[in-house]
Amino acid sequence: MDMEPKGPMLGLESSCDETAAALLAPDGRVLAEALLSQVAEHARFGGVVPEVAARAHLHHMPRLAARVFAEAGITPSELGGVAATSGPGLIGGLIVGASLGKGLALAHGLPFVAVNHLEAHALTPRLPGLLPEAPAFPYLLLLLSGGHCQCVAVEGLGRYRRLGSTLDDAVGEAFDKSAKLLGLPWPGGPHLERLAASGDPKRIPLPRPMLGRPGCDFSFSGLKTAVAQAVGKLTDEAGKADIAAAFQASVSAVMADRARNALGMMPGATALVVSGGVAANGGVREALRGVAERAGLPLIAPPIRLCTDNAVMVAWAGIERLRAGLTDPVDHAPRPRWPLAELSPAGERIS
Ligand code: KG4
Ligand code: ZN
């Protein structure tokens, strides 16, 4: 059953350390958006503390939701539906966003969509107005964030095939851990990139794990150990920039190699899409652009604010699913673990 949303979609995101709400018109216009990063609350612990995150979501989410309604000048009864990230992620935060979403849907008789956070990242490049032309299915998605690191064949709405993923740390996690070893603040990715700009990537070479291996899995824990050893041998502060540069060069080379193999595993791909916080990294982007160019495909990187966690992408996934008649009951239970492949229609699960 196809359903056109009768009004704007409310999107709620609370799966990790961003509390976010957005109102999105069915034509893709962002009517209002509010996002609160909890970086300051977690920084002194050097990473996301689940209990701190859950409490912060609980504290901020109702206020952020009220703010987007006020900004857009609409009331919940005018909505076309409610979409809330319902997994995968930290369960405390998921419960906060999903409960608010289900409560609003129930109170106002609105359709509810339990959004898979990974699907929201995967569908972002289809947001109308974002690109001159939305990529056609199938396309290759590289999801590169602090919590996720995978190559996904996006074959259609709800049809995803994971081609490869990390065997240990996510790439953003590797950036953060290596940055910490270099004495940089958390989250370290952007700091490491800045430091790398003044370093020599060749002076202290680092390993390039998985490079040249078949498939498109990743592994970053060995690289992080190599960074620790290199830092231990340093005799001058300036060497830190060289290690940062070597680290970024290593990750970029590995990324290009894995992306090339992933494209080889999905003939017919129309584009290479990169998303997640690490998509902000210039070195990684440049390496991926080279791969896409050689394959004759466009490299699509949504603007950073839509690459990192946000509620606009959740609302958009909600609109896409609602249009396809894929709504969820209000007793849908949030799922800390929720692989993308499980969204595929029964009988079509490939990975
Ligand atoms: O997608 P995201 O905002 O949140 C989740 O992990 O869900 O990604 C955050 C990650 C962090 O690990 C951060 O260090 C990394 O993305 N990151 C970067 C850069 N900007 C953010 N890594 C490398 N270079 C950057 N410029
Ligand atoms: Zn994310």
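Heads up, the Cβ atoms here are built off N, Cα and C, so glycines get one too.
No curator has checked TrEMBL annotations; they are predicted automatically.
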Which listed span TrEMBL calls region 'Disordered', if the choices are 160-183, 328-351: 328-351
TrEMBL substrate site partner of Leu143, Leu144, Ser145, Gly146, Gly147, Asp176, Gly189, Glu193, selected from Asn281, Asn310: Asn281
Where the C-beta lies under 6 angstroms from ligand 1, the matching binding-site residues among His117, His121, Leu143, Asn281: Asn281
The one of His117, His121 whose CB sees the fewest other CB atoms within 10 Å, among these binding-site residues: His117
Where the C-beta lies under 6 angstroms from ligand 2, the matching binding-site residues among Leu143, Ser145, Gly189, Asn281, Asp309: Ser145, Asp309
In the chain carrying Asp309 (Fe cation binding site), residues 6 or more apart in sequence that have Cβ under 8 angstroms from it: Glu13, Ser15, Cys16, Asp17, Glu18, Ala20, His117, Ser145
